[in-house]
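Student: As annotated in TrEMBL:
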- 16-230: domain 'HpcH/HpaI aldolase/citrate lyase' (DOMAIN)
- 77, 133: substrate binding site (BINDING)
- 133, 162: Mg(2+) binding site (BINDING)
Ligand code: COA
Ligand code: MG
């Protein structure tokens, strides 16, 4: 049996693009095996009609058993344990080789504990990923995030469509009503070593709008974004990969701190800007992320 994944294994893994698809759509599953996304989420929840739930569950488990997803992390999104399909979904996923189970509408630490317990028989590397998409979690973000210290919880995905519905807020391109929630979620996740992805952009024919939304997600600190259509993958990967200017900055920070006259200093000048040891850490991380992205091209 492989050992459980360490936080260090997971922290630098490229998670730029996570493509959802209904597990009830065999054509989409076949296509996902060829697409340049970092992650694939086989959905049993919102994208699958009630009458198709059982067939979708069987198709998702069969797709994982068949394999062929290469470097992509593959998750199955389960129906909640409070629905008639949840327990059977969790049991089926726990018995599979999926990299993760994504669970919906988490509100409180107890929800994470219940899902973690439902995975007690799963392979040791199976991760628990949670949708952050309810009004109920707002006051509980730090407590839910802290569950990562004692459970399989390792990644959060924003669910802005559900959040908009619950808040009765309008989903406009600037996403003003959701910005405090996005920032609080990123901070709570980071405080506990959890990776975090932004939500979907429903306007899948408008790639200009998509790119602007992806850039907003990058600005907020997300590792990547959830996607609903293959056309969104390339622009998403571009936005969430370090660019040439970022790499040049990282190189110059590393070189500057390496100069004999800067030894033992905490703050120096690089390209006319104050640069501290914390920036050196950021620069090293950026180069390592770029190296890992290069490794999957
Ligand atoms: N994953 C993999 N392949 C997909 C895909 C996806 N999410 N969405 C579309 N495709 C494929 C189609 O099967 C089609 O393949 P083909 O060229 O071999 O026939 C191709 O990409 C073009 O599809 P297109 O005609 O542009 O889209 P559509 O109108 O068929 O589907 C959606 C539009 C939104 C219904 C579809 O993209 C979808 O189901 N997205 C995921 C929805 C989801 O999972 N939601 C839950 C999370 S919010
Ligand atoms: Mg949802």
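The count begins at 1 with the first shown residue.
In case you wondered, yes, glycine gets a Cβ from its N, Cα and C as well.
Remember, it's a predicted structure, so these values are computed and weren't measured experimentally.
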Student: If you skip the near sequence neighbours and keep only those at least six away, which residues in the chain come within under 8 angstroms of residue 77 (substrate binding site), Cβ to Cβ?
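Tutor: Correct list: 20, 41, 42, 43, 44, 45, 101, 102, 103, 104, 131.
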Student: Do you know offhand how many angstrom separate residue 162 (Mg(2+) binding site) and residue 133 (substrate binding site) by C-alpha?
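Tutor: So the Cα of residue 133 (substrate binding site) lies 6 Å away from that of residue 162 (Mg(2+) binding site).
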Student: Take every residue in the domain 'HpcH/HpaI aldolase/citrate lyase' (16-230), average their pLDDT values, and give the whole-number result.
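Tutor: Summing pLDDT over the domain 'HpcH/HpaI aldolase/citrate lyase' (16-230) and dividing by its length gives 98.
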Student: Can you tell me which of 77, 133, 162, our binding-site residues, come within under 6 Å of ligand 2 at the Cβ?
Tutor: 133, 162
Student: Fewest other C-beta atoms within 10 angstroms of its own C-beta: which of the binding-site residues 133, 162 fits that?
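Tutor: Sparsest of the binding-site residues 133, 162 by Cβ contacts within 10 Å: 162.
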Student: DSSP three-state call for residue 133 (substrate binding site): helix, strand or coil?
Tutor: coil
